[in-house]
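*Asks:* Mind looking over this structure? Questions follow.
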Amino acid sequence: MLPGLALLLLAAWTARALEVPTDGNAGLLAEPQIAMFCGRLNMHMNVQNGKWDSDPSGTKTCIDTKEGILQYCQEVYPELQITNVVEANQPVTIQNWCKRGRKQCKTHPHFVIPYRCLVGEFVSDALLVPDKCKFLHQERMDVCETHLHWHTVAKETCSEKSTNLHDYGMLLPCGIDKFRGVEFVCCPLAEESDNVDSADAEEDDSDVWWGGADTDYADGSEDKVVEVAEEEEVAEVEEEEADDDEDDEDGDEVEEEAEEPYEEATERTTSIATTTTTTTESVEEVVREVCSEQAETGPCRAMISRWYFDVTEGKCAPFFYGGCGGNRNNFDTEEYCMAVCGSVMSQSLRKTTREPLTRDPVKLPTTAASTPDAVDKYLETPGDENEHAHFQKAKERLEAKHRERMSQVMREWEEAERQAKNLPKADKKAVIQHFQEKVESLEQEAANERQQLVETHMARVEAMLNDRRRLALENYITALQAVPPRPRHVFNMLKKYVRAEQKDRQHTLKHFEHVRMVDPKKAAQIRSQVMTHLRVIYERMNQSLSLLYNVPAVAEEIQDEVDELLQKEQNYSDDVLANMISEPRISYGNDALMPSLTETKTTVELLPVNGEFSLDDLQPWHSFGADSVPANTENEVEPVDARPAADRGLTTRPGSGLTNIKTEEISEVKMDAEFRHDSGYEVHHQKLVFFAEDVGSNKGAIIGLMVGGVVIATVIVITLVMLKKKQYTSIHHGVVEVDAAVTPEERHLSKMQQNGYENPTYKFFEQMQN
């Protein structure tokens, strides 16, 4: 029975194991991470809701060794197979740090670099390579170094190529937080990219930058209002290309829009990490400059033991590294520090004994200095065709100024804490509170400047859109009124006008979609304004297109081209809609299934316009007889098109319903869009729907259960058969069966013989014979 029970338990355990997904991160909303700040309980990322949680045991604080960090990852994530750890590339801001033994947690944030807890087999990070940037990698199988070492290698490699380090990731793990290589992306310097932007301003869409407050502030806290990183919006930049139609007598150019995807810009202003962009003539010069720098703790407040080269002493000395920022005179061990700086600096010191030192002062690896009027300079400059380039430069100047000011405050904070070590506890607390208020003040000031910058840019973009649309409409009307009108020229002007209206509508919808995601309350306030504007665009296009049929000869000749143009516009609108309402898939595994496009219900109906839109010389034309066309009864449309579904094709054939739409026939606009905002996951601000398992995982689990069920049933049947057979088997003890027909005397004699009795008569005759 025991072997059968063992098989039964083994089969049940196997079936249970088959239900567990093989992907270690499957079904997780966030990546497993831990963060430490000495004097506070450790924090770890809740992989189910994307929030930072305090240490579950209420006792663990900062850990000094990488082995201890790995063990702690395994403790806080027991259900995951944590195999390694690695430092994150960027610091984060975390609030609600708790002290040991206290129930109340502080709400003010701290800047720290978390550790990523790697699940399962190591997989290198997927790096995005922006335009004009290069992807590079380095591997050395004889080297096994830390994250910091490979970060330095990547940064120096980009500096040698006169570029900036954009992003990087580790390759080939060889120990705990140790690797044999690095992959990284180098991008052109700011000055070069500015020149490229200025030269290509006519080919790129103007973007609206929405600033970048750290979203990690908003982990459900109601004590601090945080500016959410906002997306860029596309503005209008048109491109003329030659019309290769041989029938166009005057050779007018046709405007073709260079459509580019809608970009996201979520720049974190709390990241004070600096980038070295110094180009050097030799490796020795680079090392000499690095080793001459003073030790910098950086803006973060961790206490990591590191080494730096002290030029005055001529040897390496220990210091505490905060975890982010700082400079490259920062080494893990004294041996590594001396290996890099010892020989080069000794040669440099020998040279200085023979000749005076004429080298320039050491340059701190911070970003380029910025003027204090970064925003004022942009605001004083009038808008022009290079609005995008001017806005980008103003944005970069503003961020550089903010980083410099934050770095200065952090250095002052560090110095104040060093001097306040011997002060009473109340004075220390006052110092900390003073600098916290100063940091918050700088953040608020930067947010206000960003908002002012964005509002100005938005106003200029809208003015540019209005001017181009007005000019396109005037050219279209002029072409229709020409004597005689030229059909090809009319079509070209109509095409430009439709593109201008399309850009206006696209700009409006994307702006509203952005506001809807980051601030539903504000979106509800501006909803009527947005829909009224869409209504005006719709009416204006209807009346402008109906004017085409005032000239029947022209309308009939270019009818096919007009239909194709409007169909293309409809397809483009559908694509924009799909991109707008499809929610992003956020998962570190294959369990997160987002709702399909058909499951996301967003209906928009048209608002009534107070008063009819009027334009000189524009009157709808009804001579083609619209009575034969069914009335438009549908009002629900996709939000990108902002027109009734039956009219979205915008066919302009006579009697299509385009020329006889009246204001009073259009019902009141309603917006049935669900304004979703999930504060639990602040990166995308949309409600995410996750299923327990995807289809592939369900199939695997079902197959495993079936196999396990068959094995269990087989074991049970075999066990029962064996038990039954054993129960009915005859038991023999060596007794000879006696025939029931014999007499009692013979039966008694047989029993006596079995017990050893021998007949004396038989024994006598046997002895006689012998």
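Every residue, even glycine, has its Cβ placed from backbone N, Cα and C.
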*Asks:* For the Cu(2+) 1 site that Swiss-Prot lists with H147, H151, give the additional residue from the candidates Y77, Y168.
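*Replies:* Answer per Swiss-Prot: Y168.
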*Asks:* So C337 is in a disulfide according to Swiss-Prot. Which of these is its partner: C316, C324?
*Replies:* C316
*Asks:* Choose one of C62, C73, C158, C174: the cysteine that Swiss-Prot connects to C117 by a disulfide bond.
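*Replies:* Between C117 and the options C62, C73, C158, C174, Swiss-Prot records the bond with C73.
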*Asks:* Among the recorded positions listed here (C38, C174, C186, Y497), which has the Cα closest to the Cα of T743 (phosphothreonine)?
*Replies:* C174
*Asks:* Calculate the distance in Å between the alpha carbons (Cα) of C324 (disulfide bond) and S441 (phosphoserine), and round it to a whole number.
*Replies:* 22
*Asks:* Tell me the Cβ neighbour count for C186 (disulfide bond), meaning other Cβ atoms within 10 Å of its Cβ, over all protein chains shown.
*Replies:* 23
*Asks:* Given C341 (disulfide bond) and C316 (disulfide bond), what distance in Å do their CA atoms have, once rounded to a whole number?
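*Replies:* For C341 (disulfide bond) versus C316 (disulfide bond), the Cα atoms are 9 Å apart.
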*Asks:* Could you check which of the recorded positions C62, C105, Y336, S441 is the closest Cα neighbour of C158 (disulfide bond)?
*Replies:* Y336
*Asks:* Looking only at Cβ atoms, how many others are within 10 Å of the one on C187 (disulfide bond)?
*Replies:* 19
*Asks:* What mean pLDDT score does the region 'Interaction with PSEN1' (695-722) have in the model?
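*Replies:* Looking only at the region 'Interaction with PSEN1' (695-722), pLDDT averages out to 83.
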*Asks:* CA-CA, which of the disulfide-bonded residues C62, C105, C174, C186 lies nearest C73 (disulfide bond)?
*Replies:* C62
*Asks:* What is the interatomic distance between the Cα atoms of C186 (disulfide bond) and C133 (disulfide bond), given in whole Å?
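*Replies:* Here the two Cα atoms are 6 Å apart.
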*Asks:* What's the number of neighbouring CB atoms sitting within 10 A of the CB on C62 (disulfide bond)?
*Replies:* 18
